[in-house]
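Straight from Swiss-Prot, the features:
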ACT_SITE  13  active site, proton acceptor
ACT_SITE  41  active site, proton donor
BINDING   12-18, 40-42, 305, 331-333, 413-415  GTP binding site
BINDING   13, 40  Mg(2+) binding site
BINDING   299, 300, 301, 302, 303, 304, 305  substrate binding site
């Protein structure tokens with residue numbers, strides 16, 4: 001089995017957790033390479049629901065190494081809580097099946113408070129999860145972040161680093177008439193949590209290098225989706241990390257000569273959590289049906305996901321950005337009720353049409369979708385595992401999307417359970 005990079009091609013919530021869990025059955029290791037606990041993956045096994053935020057989806061499999069790469073910003077308390085929750089469900093997390101990069105920046109309480117303060121200052125709120133992700137990445141770029149490796153320092157050295165961090169944050173807080181944070185409080189938080197984190201810490205880049213030298217199979221698990229990418233997304237309504245496939249190499253330290261198969265995920269329709277442009281959004285009964293049938297609530301925020309028709313313009317651009325070779329379509333069954341189904345094939349702005357997403361926020365806010373309309377099938381596909389047994393109009397829809405995107409669909413998910421999967425082509429697994 002080749003190494004596989006799994007990325008979302010929309011605004012996240014494409015079902016990456018389920019697919020990575022399914023793929024990891026035949027893999028040796030799974031790596032998270034960006035984001036933090038602002039991303040959520042939901043996996044259903046034998047009717048039991050597991051919700052993961054920081055841990056790779058492979059933790060639910062036996063004898064798999066789960067790796068948190070340097071591109072992840074790590075909330076140590078959230079991680080320990082997640083580990084404890086899994087242990088209470090009978091999933092044992094040990095130093096044999098979890099590795100954490102020593103270079104991960106740590107999300108601290110000061111970052112979560114800064115997140116809330118910044119959001120209050122904005123004229124147009126982004127819709128952040130208030131998990132402190134953006135401020136932590138900002139500290140990383142500004143070279144003042146506290147990293148996992150700093151937990152190995154003496155108390156005095158750690159205090160010095162925290163004090164340096166708080167020079168910036170307390171200046172910000174002072175300008176907003178907010179009380180300062182004491183370095184002692186942050187240091188004590190870190191010293192309390194360090195013993196629970198440090199046993200898992202190692203030079204992850206070296207661990208991954210050794211795995212590649214042994215021809216082990218690695219899956220790189222993306223979080224969020226292409227159009228939340230800090231550079232390529234619907235800026236400023238984006239996350240604070242790069243979410244496209246190339247981040248997999250940077251976010252864990254694997255060198256680019258290790259070629260991987262890029263597997264892109266799309267829902268059969270489109271959803272988005274939080275604010276920002278959404279070109280095919282359905283603020284009507286159609287959107288309500290998608291929301292209810294798809295159970296579209298954010299795993300982390302529990303916010304309602306906005307719902308709309310499949311946007312082939314976005315998907316096609318995401319395929320180009322990540323070099324996607326094959327697709328997984330999820331939640332096909334959510335479309336079962338509709339008599340007709342629309343696919344956005346272009347955008348219109350004034351008298352101009354676009355076959356890509358312009359970068360300008362002003363233009364984005366005024367784009368109108370141009371649709372191609374297909375007949376619905378109004379027959380249940382829920383839980384289907386056979387392509388030939390799908391309704392003909394469902395097959396027509398699948399083939400139309402392949403035709404527009406010029407990339408084959410390998411897998412189709414028809415329900416939340418691990419094995420609710422139609423396999424069209426598994427050659428990419430060889």
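Including glycine, each Cβ sits where the backbone N, Cα and C put it.
Distribution of Swiss-Prot features across the structure.
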{"residue": "12", "record": "GTP binding site", "DSSP (3 states)": "coil"}
{"residue": "18", "record": "GTP binding site", "DSSP (3 states)": "helix"}
{"residue": "40", "record": "Mg(2+) binding site", "DSSP (3 states)": "coil"}
{"residue": "302", "record": "substrate binding site", "DSSP (3 states)": "coil"}
{"residue": "332", "record": "GTP binding site", "DSSP (3 states)": "helix"}
{"residue": "414", "record": "GTP binding site", "DSSP (3 states)": "coil"}
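Taking each of the binding-site residues 18, 303, 304, 305 in turn and counting other Cβ atoms within 10 Å of its Cβ gives the largest count for 18. The two recorded residues, residue 332 (GTP binding site) and residue 302 (substrate binding site), have Cα atoms 22 Å apart. Packing around the residue listed as 'active site, proton acceptor' is summarised by its Cβ count: 28 other Cβ atoms lie within 10 angstroms of its Cβ, all protein chains included.
It is 12 that, of the binding-site residues 12, 15, 40, has its Cβ surrounded by the most other Cβ atoms within 10 Å.
Using a 10 Å Cα-Cα cut-off around residue 41 (active site, proton donor), the binding-site residues 15, 18, 302, 303, 304 reduce to 15, 18. Considering only the recorded positions 13, 302, 303, 304, 305, the residue whose Cα is spatially closest to the Cα of residue 414 (GTP binding site) is 13. Other C-beta atoms found within 10 angstroms of the C-beta of residue 332 (GTP binding site) number 24, with every protein chain shown included.
Here the candidates are the binding-site residues 12, 18, 40, 42. The one whose C-alpha lies nearest to that of residue 305 (substrate binding site) is 12.
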